[in-house]
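Enquirer: Before I ask anything, here is the structure I am working with.
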Amino acid sequence: MNPLIFSTILATIIMGTAIVMTSSHWLTIWIGFEMNMLAIIPMLMKQHNPRSTEAATKYFLTQATASMLLMLAVIMNLTHTGQWTITKSFNPLASIIMTIALTMKLGLSPFHFWVPEVAQGIPLSSCLILLTWQKLAPLSILYMISPTINLNLLLSMSLISVAIGGWGGLNQTQLRKIMAYSSIAHMGWMTAILAYNPTMTMLNLLVYITMTTTMFMLLIKSASTTTLSLAIMWNKVPLVTTLTLTIMLSLGGLPPLTGFLPKWMIIQELTKNNNIIMPTLMAIMALLSLYFYMRLTYATTLTMFPTTNNMKMKWQFEPKKHMNLLSPLIVMSTLTLPLAPMMSLLD
């Protein structure tokens, strides 16, 4: 892609998200969402193949439907309150439609079907933007309207998302699909605590973006897109193999690593609010995600896939990719748990 065009598209994506996050007028928010959506479509189609075109079309149709529902909810609320600004008073039916629209943009279950399909058809760099940056705008609006959200609807969607995120990744061999299902599960955890403690949702989002960015940077560095390519990476970039598997376990929420921190805090917060069943079910379902990450780790380190010898000797002849941010991101993605006592300052 031409550097000038790429810079323009990237600036538009950033500007669209910034407009959504800083606006209090619904029409401006809608314009920001549309700018963001139309700008990212060329990023999804960088490879110019039918798979990328299909992924971009699915993304466009889903986001356009969500934007239509968002405007429907805004107009319904306009007839109820008589103003365009985000207010604490919200028509109950409009609130439900708004929640559905925003969860569709986030890829929350039961509107999650587009996420794995779109992620699988696009390059790793575009997939990174899709699963991290594109979550900021919808989550910021959910954060703003959190006092008016239908709690039962949001908690139900969160619980289903954690379950689907675990079940969906069990039989996957494509790393982009695994990351997509992991994203669905993490979104479930974030939205579960949104109505009780929105600040904790933002903290969870920060940890999720850090871990996912680290994971994708490692995959881009090693040019791995399947479990097979990950398994034969040991003689290509051995250190990166070890780090990739550690980040995977952190994403799964294994206790000594950073990924356990947000889950621990969310379970604690839900329990404080006398909601015992919800965190119990979510913790059980989180084991599904941890299982497929551990299975992937086992398959990569302790077994060898049936391949020919020349596949095992897969050397890295392409120029080395320099990633200056990778080292601090790896540290943050694995060693932040000791900072947990400082989180008491949030209370």
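Placed from the backbone N, Cα and C atoms, the Cβ positions cover glycine too.
Grabbed the feature section from Swiss-Prot, which reads as follows:
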- 1-21: transmembrane segment (TRANSMEM)
- 25-45: transmembrane segment (TRANSMEM)
- 59-79: transmembrane segment (TRANSMEM)
- 96-116: transmembrane segment (TRANSMEM)
- 127-147: transmembrane segment (TRANSMEM)
- 149-169: transmembrane segment (TRANSMEM)
- 178-198: transmembrane segment (TRANSMEM)
- 200-220: transmembrane segment (TRANSMEM)
- 247-267: transmembrane segment (TRANSMEM)
- 276-296: transmembrane segment (TRANSMEM)
- 325-345: transmembrane segment (TRANSMEM)
Enquirer: Checking distant contacts: for the transmembrane segment (127-147), what same-chain residues at least six beyond its ends satisfy Cβ-Cβ under 8 A?
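Expert: Long-range Cβ neighbours of the transmembrane segment (127-147): 13, 16-17, 20-21, 29, 32-33, 36, 40, 43-44, 59, 86, 88, 90, 95, 98-99, 102-103, 105-106, 118-119, 176, 179-180, 183, 187, 190-191, 194-195, 198, 201-202, 205, 208-209, 212-213, 216-217, 220.
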Enquirer: Between the transmembrane segment (178-198) and the transmembrane segment (1-21), are there three or more C-beta pairs closer than 8 Å, counting only pairs 6 or more apart along the chain?
Expert: no
Enquirer: When only pairs 6 or more apart in sequence are counted, do the transmembrane segment (149-169) and the transmembrane segment (1-21) reach 3 or more Cβ pairs under 8 Å?
Expert: no
Enquirer: Using a Cβ cut-off of under 8 Å, list the residues of the same chain at least 6 residues beyond the transmembrane segment (247-267) that approach it.
Expert: 182, 189, 192-193, 200, 203-204, 207-208, 210-212, 214-215, 218, 279, 282-283, 286, 289-290, 292-294, 296-297, 330, 332-337, 339-340, 343
